[in-house]
Amino acid sequence: MTTAAIIVAAGRGTRAGGDLPKQWQPLAGRPVLAHTLAAFRAAAGVSRTLLVIHPDDRARAEALPGVAEGKVELVEGGASRDASVRNALEALAGAGIERVLIHDGARPLVAPGLIARTLAALESAPGAAPAVPVSDALWRGEGGRVVGTQDRTGLFRAQTPQAFRYEAILAAHRAHPGGAADDVEVARAAGLEVAIVEGCEDNLKVTYPGDFARAERLLALAAGL
C-alpha cells in the first residue's frame, strides 16, 4: 500500500527557549527536524515525505537533507495545526496515496518499530495512534492548591505518528470546523474508529529546555556513545 508521511513543523512554539522555534533548534549538532525527517526517510514503506513549514522558514527548510534532492516535499502551513495538516493532505490528493502518517516535527526520536506497528493497526481500523498509559497520580488544582484527584483509569498520553487511511482522514479534515488538538480528534468527530497502539516513553516531544538534554542523552545511547 502506498504511504505518505506528513511532518508538521509550521508552529512558532517558544516554550523551549532560544531564538528559534523548537523544531529548528540544534540537537546533537543538527536541527531537531533533521533527526525527525531521517527517521521517516528510513522507515519501511513510506514512499513520500511532506514537511509542513511556516513561510518564514523556507530558507532553513531548503537546507535540510533530502529537500534539495526532492526526497522531502515542502508544504506551507496554515493559521493553525489542523489547517497545516489539511494543506498537506490536499497536496496529496489524486496521487494514489492509501495511508498517511501525521507526525509532530518536534518528536525526533520516533523509532522504526513504532512507525511500523502504527501502520499495521490500519488493517483493522481506519485510524491508529500510539499512546502511553498515564501512570502518575493526577490532581485538580485551583488557586495554587490541590482541590481534588482524578481517576487515571483509561487515560493515555497521546503521541505521534498518528496513522489513517488517506481518503478517510482527508474527508474528516474537510468536514471539520477547526480547532482540534490533534488528528485523532478530527477523525473521531467524523465517526472514525482509532486504534490505540503501544507508544514509547522515549518518543518525547521537545517542548522545554530540559527536553533537549534528555533527547541528546537518548541519541547518544542509541548511537552506542
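A Cβ is built for glycine as well, from the same backbone N, Cα and C atoms used for every other residue.
Marked as site 'Transition state stabilizer' by Swiss-Prot: R15, K22. The site 'Positions MEP for the nucleophilic attack' annotation in Swiss-Prot covers R152, K205 and rests on sequence analysis.
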Cα-Cα distance linking K205 (site 'Positions MEP for the nucleophilic attack') and R152 (site 'Positions MEP for the nucleophilic attack'), given in Å to the nearest integer: 22
For the recorded sites K22, K205, the one whose C-beta sees the most other C-beta atoms within 10 angstroms: K22
Rounded Cα separation (Å) that holds between K205 (site 'Positions MEP for the nucleophilic attack') and K22 (site 'Transition state stabilizer'): 10
R152 (site 'Positions MEP for the nucleophilic attack'): tally of other CB atoms within 10 A of its CB: 13
